[in-house]
Amino acid sequence: MPVLRFNGVFLLLLLLFGPSLGTSPSFSVDYKNNCFRKDGEQFRYISGSIHYSRIPRAYWKDRLLKMYMAGLNAIQTYVPWNYHEESPGQYDFSGDRDVEYFLKLAQEIGLFVILRPGPYICAEWDMGGLPSWLLNKKNIVLRSSDADYIAAVDKWMGKLLPMMKPYLYQNSGPIITVQVENEYGSYFACDYNYMRHLTKLFRAHLGDEVVLFTTDGAGVNYLKCGSIQGLYATVDFGPGANITAAFEAQRHAEPYGPLVNSEFYTGWLDHWGSRHSVVSSALVAKSLSRMLAVEANVNLYMFIGGSNFGYWNGANSPYAAQPTSYDYDAPLSEAGDLTEKYFAIRDVIRMYSKVPEGPIPPTTPKYAYGSVKMKKLQTVSDATETLSFSGPVRSSYPQTFTDLNQAFGFVLYRTTLAVNCSQPTPLSSPLNGVHDRAYVSVDGVAVGILERNKVLSVNVTGKAGSQVDVLVENMGRINYGRDINDFKGLVSNLTLGQVPVTGWTMYSLSIDEAVKQGLLGDHPPARTDQGQPAALSPPAFYKGSFVIPGGIPDLPQDSYVKLPGWKKGQIWINGFNLGRYWPARGPQVTLFVPASILSTAAPNNVTVLELEADPCSSQSCTVEFTASPVLNATVLSEHKPCRRLFTKEDLL
Ligand SMILES: *[C@@H]1O[C@H](CO)[C@@H](O)[C@H](O)[C@H]1NC(C)=O
Ligand SMILES: *[C@@H]1O[C@H](CO)[C@@H](O)[C@H](O)[C@H]1NC(C)=O
Ligand SMILES: *[C@@H]1O[C@H](CO)[C@@H](O)[C@H](O)[C@H]1NC(C)=O
Ligand SMILES: *[C@@H]1O[C@H](CO)[C@@H](O)[C@H](O)[C@H]1NC(C)=O
Ligand SMILES: *[C@@H]1O[C@H](CO)[C@@H](O)[C@H](O)[C@H]1NC(C)=O
Ligand SMILES: *[C@@H]1O[C@H](CO)[C@@H](O)[C@H](O)[C@H]1NC(C)=O
């Protein structure tokens, strides 16, 4: 009985929020009075988005409390399918993935929950939350009536929804509404049978009472394929939109019932190589106030963005990956800090509803642990045997990550030069099949980088028989639009000169496990780097450690880490994969380091995988822990900046 743990609070909540004695809790759409109705009373939510998958569990309570103190009465969260079922049938709801605990905390604090279980969620999350193993069927049509897709959805929802059912408001839990799919009207398939199937599936598991809804862009054209009978249609739009026109679009689908903006954008997402998105507090406050004035229900997306730890970021098409930080310029920063926008929003809410009295949990202190000296370990090529837990796979032509049963990270593709290349000879991906970035070396010497849509050819020289290593990085799967079937690895043949390269040996690399288990060996002294710093060196590991200073109260505290002079790679602390760094491209320069992964009992171990070139022979070979974030370093903008921040269509 999971509820027992919160018994006292639970009773209190029943008294505060529960129905009068004798009736059971109810939540419904009132079509007559254009509002929601909770236990018979008119009800309007002012909600904020928080994704538990982007915040360490240790901080869930702090963030939820801050949301409550801003005057919100609800939160909205997605459930990312691929976060809970990384391999078919193997479910993980523990630790940071304990969504039930998250729901209980929300209820304990006094927040209702708007649940968005997908199956597709977009969310700037890898593949929009869909597990990449769905691509085992190569031509699967995701988000449609495709039989294999539906079978997997049915199985997953058969696990998730019964788990959520006790948390429905009708069952004395915090969940007031449940969204089905996500912005389906923006997807090309427009498959009504799919939406009908989901409706039946959700009803079968959750019952007839719960309010099910859809969310689409605020335009009649989106609602056409996105809305369907039996699901209450809501819209999403940002602070620049014409509110009257936007809700008119909702009225087109729902002539009666509450006005709902399910995603009111407080900020916007970033991409590597584009400028950091910023949206003014004044604009957000003004637009929020106008919506609240017309009695609309609003969810602020995001209220706190958090971080794409590990490999969880998504990407847009044409391929542009999102960075590790999902700060979103939201009212609570990536690290949960109170911002000017937080107080501006709170002041607006105060005009329309009661805001709780009492102290707001303060911004957590940050500590600058300083510089940590890094020491070079093995290169990836040297460590291949150690890193490849499943052993090599050989085939004439390259296989994808999916073929190799690997979801995230890196695969090493190894072959040999079939001919003497005494002159520079192009090693190319004529069909643009490097997904997403490949670090090429010949006999242990880095020769170049291939990059999806950007660099399709590098020159190589070497004798016949030379070892060619192509380390391919999956930089995050496309999460929006028709390109979500985003296979990774070498998805088409490479050519040398005009000739397809054959004879591949492929190594799935279990880098995260190797880092956790401390399996990486030292850099062999015979190969010490001397002389000129290389513009490019083969991908390699580095390690360092630091001790939390004694005699200072309240340590460990949160921090940020930056990698001065490093180019691009991945960083772990005590085996926890903090995410990708890419200061050479920006705009993100620092990564958030939550105190919860730091230790006072032993030295903290930092592991870096640098993919391009380390700064070690020229400047200091260090990473640096600082007390403030840098997410907006100016970069040579490669993509058109999104000036209008109204809808997701602006990305296209
Ligand atoms: C907003 O939309 C409404 C309804 O479509 C229209 O009448 C009004 O002129 C628009 N306002 C602005 C400022 O464009
Ligand atoms: C490569 O060149 C060497 C001489 O430099 C020669 O012995 C060898 O046969 C050549 N290999 C191929 C595959 O052409
Ligand atoms: C490869 O080498 C050829 C011949 O030297 C040169 O013309 C070409 O620009 C080079 N290509 C790249 C991508 O460096
Ligand atoms: C590589 O080329 C071969 C021969 O044309 C073809 O059979 C194979 O499907 C290609 N592989 C990929 C991954 O495109
Ligand atoms: C860091 O690594 C050392 C050596 O393996 C180990 O003794 C120590 O416990 C590690 N620190 C943490 C915080 O796990
Ligand atoms: C980045 O943000 C900081 C603080 O928020 C600000 O002072 C600085 O001007 C910004 N830099 C750029 C290039 O926008």
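In case you wondered, yes, glycine gets a Cβ from its N, Cα and C as well.
Per TrEMBL, the features are as follows:
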type     : residues : note
ACT_SITE : Glu183   : active site, proton donor
ACT_SITE : Glu263   : active site, nucleophile
DOMAIN   : 36-351   : domain 'Glycoside hydrolase 35 catalytic'
DOMAIN   : 398-509  : domain 'Beta-galactosidase 1-like first all-beta'
DOMAIN   : 539-600  : domain 'Beta-galactosidase galactose-binding'
SIGNAL   : 1-22     : signal peptide
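Per-class residue totals from DSSP over the domain 'Beta-galactosidase 1-like first all-beta' (398-509), listed helix then strand then coil: 0 helix, 57 strand, 55 coil.
Secondary structure at Glu263 (active site, nucleophile), taken from DSSP and collapsed to helix, strand or coil, is strand. Under DSSP, residues within the domain 'Beta-galactosidase galactose-binding' (539-600) fall into helix, strand and coil as 3 helix, 27 strand, 32 coil. The average per-residue pLDDT of the prediction over the domain 'Glycoside hydrolase 35 catalytic' (36-351) is 98, rounded to a whole number. Rounded to the nearest whole angstrom, the C-alpha distance between Glu263 (active site, nucleophile) and Glu183 (active site, proton donor) is 11.
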